[in-house]
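Structure first, commentary second.
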């Protein structure tokens, strides 16, 4: 299936999608691409917010804001590897039998699956600005992240044979 179909299916059956991804042959390149595409979509989702900032603060050029945001997102790549490792170790503490690769795929797929919500968050931040609406969307993004990541970790750590 295509990534877009899998993203849509993740909103209905996140564990089934994770099972399908983990059933494929191991590919670190695929796992990393999940993360990089998610970060690219998150970056694009921030454009309306950055445009609003540039409009409100004429002394900050849009290009500078975009470059800063891009570099900040790229700097998070090692942090996502660390977060995946911490998720794996946390699952081990409660009896998880998965591997490091499964934990990475679970987190990186989660990032790609919530990317549409991040696009919505960027639109709300850019068009409406700070307020109740942005807070509600931000809580929705966080809740989606937690649900998808825990569902993915459950599959990777508790529903697979150890590698």
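Every residue, even glycine, has its Cβ placed from backbone N, Cα and C.
Lifted from TrEMBL, the feature list:
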DOMAIN    10-156  domain 'Yip1'
TRANSMEM  31-50  transmembrane segment
TRANSMEM  62-84  transmembrane segment
TRANSMEM  105-128  transmembrane segment
TRANSMEM  134-156  transmembrane segment
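Secondary structure of the domain 'Yip1' (10-156) per DSSP, as helix, strand and coil residue counts: 123 helix, 0 strand, 24 coil. Within the model, the domain 'Yip1' (10-156) shows a mean pLDDT value of 94, rounded to a whole number.
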